[in-house]
Amino acid sequence: MSGGDMAKPLLGHRSMEGDPSIMPAAGRTIGVLGSGDFARSLAIRLVCSGFKVVVGSRNPKRKAGLFPSAAEVTFQADAVKKTDVIFVAVFREHYSTLCDLADVLVGKILVDVSNNTEVNHHKESNAEYLASLFPACTVVKGFNVVSAWTLQSGARDGNKQVLICSNNQEAKRTVAEIAQVMGFTPVDMGCMSSACEIENIPLRLLPAWKIPIFLALGLFLCFFTYNLIRQVIHPYIREQKNKLYKIPIEVVNTTLPCVAYVMLSLVYLPGVLAACSQLYYGTKYRRFPDWLDQWLQHRKQIGLLSFFCAALHAVYSLCLPMRRSHRYQLIETAVKQAVEKKMNIWVEEEVWRMEIYISVGIIALGLLSLLAITSLPSIANSLNWREFSFIQSTLGFIALVISTLHTLTYGWSRAFDENQYKFYLPPTYTLTLLVPCTVILAKVIFSLPCIQQRLLRIRRGWEKGRYVKFVLPSAMGEYSSGETSSNV
Ligand code: NAP
């Protein structure tokens, strides 16, 4: 499970934290236009951070009581005159009502904090729209990704990043400086054209999880239907037995491990496909197809969902003996044995099989928990690359092997029992083995020295049929360069 779900800006853009050119600016006066939730939280946070705050409202008398006493609440025009940096805490649809202030706003920095209600709601971003209304001002987009709650509770709690963009470097620097003094981490997102992207961020609902969740739901639906046919519909049609009571727990509990197991193998399958592609093309510099790239990037989420299903399976399994249906079945079996005068029903093979498959299942769940915990950014950041890859790759693969043992000891000889083929459908566990066994087999093949060596060379930059530059020491002790085929 690789990382990759961290906020995109951290990876792709320059964090302004620790920039020596950014000096603390506490003490300067900051203006806030608007007196709503965001304006109030902003004012509280600014006052707490040592800034002087002047709030511009259409109705200052009525709103003054809502703000800390240290903040001055006055008319909009009056507030704007007293400061150079103004947070516009007003919705986009009301920007035009601020046009009366155009004269007093000349030369000021306007911070657009607004969000939309839909992704790409308007053709131009709110910040660009504000800039078009006030061409004599410098507009900076920022603070929209933090909520009023985060502002009030302080930067210790909640999202610490403040994404900032503007076409004016100086204005951006000033706003970054303010964000830093307020305890946030300013992240430079570049010029104003990024505003649209910044405005879309708070509207996205777990973007990295969409594909893995649909995958898990799809697998769940398929296995659930398959198990329903085998466990409920088949006995009803063939023996007129009503087994509907099995749906909430038994069918779900036979479906969850299938999803968990297949999802775990899907974490390692793209790595196998990537290695196949590298071996086939003899290079690591060829781009993977988009679908494989996407798949590789979602391994962490797929792994976490696998762990989630496995954990649910464990809880469901623990609850199995608590059910009334289970108690009835136990009593029924006991009565039948008493009637048939059977004294010893101990089946050594069954006992051992169950002991082993439960034990192996617990170990697999333990390993999955370890993988899940170490994929949390706070833990992953405390590991070096070797430790992280050992846990995620090596232990993860061991978890897959142990899960396979768990599945095999659970299924045992059922695959060879014709009574288990309901409507000619094989037992579910045989289907789940398909992808994981392919992955395990591929990993075993890749560990053969001849293939492993080739793969290692490719991953260090060697390319099939390509000429590489090498350095030859000349007779005079100088170095000259030549070219040769590295195809050896
Ligand atoms: P709000 O509670 O509705 O406040 C909006 C304020 O705009 C009003 O209190 C009003 O103050 C002022 N305003 C100025 N002209 C107006 C007009 N013509 N009609 C109505 N109001 C007018 O909204 P909010 O939650 O503070 O949000 C303000 C901005 O911050 C929005 O753009 C929002 O997207 C953004 N934002 C909010 C949050 C959040 O957590 N709430 C988070 C991120 C970004 P006066 O009556 O005193 O003039």
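One-based numbering along the chain as shown.
Placement of Cβ uses the backbone N, Cα and C atoms for every residue, glycine included.
The domain 'Pyrroline-5-carboxylate reductase catalytic N-terminal' annotation in TrEMBL covers 29-116. Shown for the domain 'Pyrroline-5-carboxylate reductase catalytic N-terminal' (29-116): DSSP residue counts in helix, strand and coil, namely 39 helix, 23 strand, 26 coil.
What TrEMBL lists as transmembrane segment is 211-229 (among others). Away from its own ends, the transmembrane segment (211-229) comes close to residues 247, 251-252, 254-256, 258-259, 262-263, 266, 294, 298, 301-302, 304-305, 309, 422-423, 425, 428, 431-432 of its chain (Cβ-Cβ under 8 Å, at least six residues beyond either end).
Applying DSSP to the domain 'Ferric oxidoreductase' (259-401) sorts its residues as follows: 119 helix, 0 strand, 24 coil. As annotated by TrEMBL, domain 'Ferric oxidoreductase' applies to 259-401.
Marked as transmembrane segment by TrEMBL: 259-281 (among others). Counting only same-chain residues 6+ beyond the ends of the transmembrane segment (259-281), those with a CB under 8 A from a CB of the stretch are 1, 215-216, 219-220, 223, 288, 292, 295-296, 299, 302-303, 305-310, 313, 368, 393, 396-397, 399-400, 403-404, 407, 432, 435-436, 438-439, 442-443, 446, 451, 454-455, 458-459, 464.
Long-range contacts of the transmembrane segment (302-323) within the same chain, counting only residues at least 6 positions beyond its ends with a Cβ under 8 Å from a Cβ of the stretch, are 1, 212-213, 215-216, 220, 249-250, 252-253, 256-257, 259-261, 263-264, 266-267, 361-362, 364-365, 368-369, 371-372, 375, 396. Sequence annotations record features per position, and here TrEMBL assigns transmembrane segment to 302-323 (among others).
Annotated transmembrane segment per TrEMBL: 356-376 (among others), in sequence order.
Per TrEMBL, transmembrane segment is recorded for 388-409 (among others).
The transmembrane segment annotation in TrEMBL covers 429-451 (among others). Remote same-chain partners of the transmembrane segment (429-451), defined as residues 6 or more beyond its termini with a Cβ less than 8 Å from a stretch Cβ, comprise 223, 226, 257-258, 261-262, 264-266, 268-269, 272, 275-276, 279, 397, 400-401, 403-404, 407-408, 410-411, 414-415.
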Same-chain residues near the transmembrane segment (388-409), Cβ under 8 Å, at least 6 residues beyond its ends: 1-2, 257, 260-261, 264-265, 267-268, 271, 303, 353, 356-357, 360-361, 363-364, 367-368, 370-371, 374-375, 380, 429, 432-433, 436-437, 439-440, 443
